[in-house]
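Reading through the structure tokens given below for one structure.
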């Protein structure tokens with residue numbers, strides 16, 4: 001509180017005091033969350049096998065502490081007091097984001113939170129076993145129970161609205177489910193014919209890789225990729241994890257990757273993807289660490305950063321013109337840049353597994369999951385119908401039918417975790433990546449030459465200035481408008497995909 | 001609460017409910033503390049350089065949350081209610097230990113806690129700079145300020161007692177400062193003449209090492225040492241850190257080490273030392289994780305486990321008879337076991353640095369620090385006299401005088417951290433190690449043969465049964481009595497040291 005403020009009226013004099021107390025509390029809430037992030041990273045990357053029981057207790061305690069901070073009565077009071085106060089734009093953003101999280105959290109009874117947590121914990125081994133045994137029936141009751149609980153959860157938050165919309169907003173609060181639906185429908189309507197044409201094409205793309213590649217060599221290669229792209233090692237590190245992820249803060253944003261002996265492009269692509277997430281995190285304003293202003297926007301925006309680097313940079317022709325020699329240096333694969341470019345962009349409609357899908361067919365895997373999970377939450381689809389509907393949609397969208405549910409509707413962990421409404425954000429991220437990349441090129445001119453020369457500063461700077469530096473200052477829709485001058489649209493992604501793949505497959 | 005309890009009288013019906021609420025709270029407190037331990041391990045071992053600002057916020061928030069849990073009014077109420085309740089022995093121990101910590105914590109005003117935290121934080125760069133510049137004067141005011149604050153701290157806890165005793169009890173609550181003083185005086189009185197005789201001896205012990213050894217080879221060697229001793233890798237891991245330490249829980253107790261190119265025995269000794277700490281942690285009862293019953297006893301007992309393995313096993317003749325070939329395998333040093341044994345036990349009275357001291361002269365470094373810090377807290381010694389008194393005592397106890405304060409009174413970080421009363425626990429740990437080892441051999445017979453054969457199960461089992469499995473069930477003095485049948489005594493350590501070193505140095 002300043003001395004000046006003390007001479008003002010009571011109400012005004014209270015305002016800065018309230019905001020400061022509010023902000024201190026918000027920071028503690030964020031710091032506890034980030035501490036949990038370190039524990040999770042450690043669990044995935046470093047923890048010995050038998051550490052799980054203790055780690056589960058530590059994490060669930062941090063999560064309880066965090067929940068108590070978010071639903072705290074003092075916080076309610078401060079949010080009430082700050083309502084209508086004369087705050088600056090940044091302060092208003094911190095209040096808006098905290099209020100949104102707070103209001104959702106206080107609406108959900110703690111016994112429901114506990115039941116969801118317990119049910120999804122217990123569901124994990126059931127799902128694993130069902131997947132291993134290809135036995136959907138053994139999992140069906142569990143899935144039904146989770147769906148019921150998630151409906152209850154949505155109803156607790158807002159019983160007047162579409163429960164799937166309420167769940168979707170957990171991951172993407174500002175884009176609107178209607179916008180998401182329109183975009184996913186356009187992807188389905190326009191990508192299915194494109195994929196069909198590719199399937200009919202006689203073109204065989206090059207594959208310069210053969211045999212198995214040493215893990216240590218692959219690691220050197222992906223480290224070289226991170227060096228090339230400008231990863232800030234003083235604020236990050238690279239490790240391996242079974243399911244690659246990125247985590248951390250603007251002071252310490254870490255990347256993980258994995259290695260498949262016969263497919264070095266998997267490690268390269270997945271490393272560049274996680275690098276994209278990490279550069280977003282590293283680009284968040286350090287002075288706002290611990291508040292929404294210093295925190296990333298939601299899942300689609302985060303995914304747009306990973307997809308932009310993975311696809312628009314890492315799967316581009318100029319990138320492979322730059323990077324082909326490095327592959328030769330580390331793996332002894334002497335091929336023309338065009339051959340690597342083709343290998344990185346080969347479309348496999350017959351692939352059944354989402355996480356192994358190419359840039360294009362990936363979205364059909366998402367559309368399918370979106371349609372099924374929405375109908376499940378709405379009660380328009382019974383759990384026992386899932387395998388059949390899954391397989392029919394695979395046939396319809398990709399022309400391929402899984403032989404087993406393990407390779408079909410049992411492949412992903414998300415529903416078992418209780419995550420309904422999460423899948424769409426993957427595709428929305430790709431779509432946004434294309435829109436942002438087009439806006440960057442609109443401002444900077446074509447980036448091909450810069451990429452070919454290994455100069456990634458312009459695109460880094462553009463993304464930092466237009467996305468990263470804002471943290472959660474803007475709502476997601478406003479952020480997109482500010483950065484691109486347009487509403488969120490699938491136009492750029494569809495144009496990009498059409499041009500790129502029709503050229504590659506001559507179709 | 002059971003259904004049966006509900007039919008009992010009001011008071012009895014409340015008892016189990018209170019204890020359960022108490023225990024749930026205590027567990028949360030311990031889990032948050034252990035989460036902080038993971039963050040600290042990460043900071044020392046994994047964190048990139050620029051991660052510090054965020055990590056400092058995360059750790060200080062966890063520390064605040066932890067302090068709030070410990071000083072919580074509900075906890076006060078439960079402790080009052082549980083006073084005189086009919087609890088079992090284990091429950092009483094959990095109440096006793098929690099009450100002790102709670103009562104200390106509530107007595108210290110939070111602004112004093114904050115001032116100490118701030119002052120010691122700010123002191124760190126001042127001490128580092130003074131040490132680098134060999135400029136004690138630049139550090140004197142800072143040290144004076146810390147001493148004043150620690151006196152205030154002790155006074156807040158108990159203004160009627162010796163403030164140094166109150167500070168010592170932070171690290172060692174049950175041994176009694178008078179016992180500690182008697183033991184340290186005996187070490188001084190009996191080791192100084194022994195060290196003098198060694199200094200006068202003409203015997204030159206063997207040193208089979210020469211030149212520099214590759215870090216990767218040294219790492220393989222210390223991993224082999226951990227394998228040999230029976231480290232449970234499923235509940236631990238080995239990494240490097242500038243100042244080796246061990247941390248974790250009974251589910252995940254990790255070891256760190258460091259490598260000196262020209263002195264592979266440093267890594268071996270320091271790894272075995274941290275292994276000793278980790279086996280204690282791994283031996284704590286898993287079913288009591290999160291309560292004092294599942295937590296280790298205080299610093300002297302922890303140090304007794306590290307010193308027992310480091311000195312009584314790792315510096316023994318039979319260990320080197322077992323391990324000499326392994327050194328040859330990894331470092332290509334082909335020498336007789338006796339040569340390694342001698343190298344591991346060479347006494348260097350002219351060494352100035354505590355952390356580089358041998359098994360014997362180490363205790364003179366501790367006695368000196370103990371005498372100085374006790375006099376500082378008592379006000380019997382002024383800060384500006386510290387360098388002179390330090391150097392005089394070095395001369396008196398070890399016959400050597402530092403040329404600089406950097407190699408003298410500025411070498412250790414402890415006082416800068418505000419740790420007064422900590423140093424004695426290192427020597428008390430060595431003394432207790434000898435007493436426990438003697439008690440184990442009293443029960444099991446000489447362990448030399450087992451060690452020579454690489455059979456460490458008997459000593460592991462004895463320590464687990466007599467020390468580890470008890471957690472904090474007994475007070476430290478009771479634990480020693482239970483395990484050894486005697487009061488805490490320096491007899492065994494002094495006999496061991498006298499016999500071993502007079503034989504080695506023929507004096």
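Every residue, even glycine, has its Cβ placed from backbone N, Cα and C.
Predicted automatically and left uncurated, TrEMBL annotations should be read as such.
A quick note: this is a predicted structure, and the numbers were derived from the prediction, not measured.
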Seminar exercise, completed: Zn(2+) site partner of A:273, A:277 according to TrEMBL, chosen from A:262, A:303, A:321, is A:303
Exercise. Non-local Cβ contacts of residue A:274 (active site, proton donor/acceptor) (under 8 Å, 6 or more apart, same chain)?
Worked result: A:244, A:245, A:246, A:255, A:256, A:257, A:306
Exercise. If we take A:273, A:274, A:277, A:303 as the recorded positions, which have a Cβ under 8 Å from chain B?
Worked result: none
Exercise. What other residues of this chain sit with their CB within 8 A of the center of the CB atoms of A:273, A:277, A:303, the recorded Zn(2+) site?
Worked result: A:246, A:274, A:276, A:302, A:305, A:306, A:307, A:309, A:310, A:429
Problem set entry | Under 8 Å by Cβ from residue A:303 (Zn(2+) binding site), counting only residues of that chain that are 6 or more apart | A:425, A:426, A:428, A:429, A:430, A:432, A:433
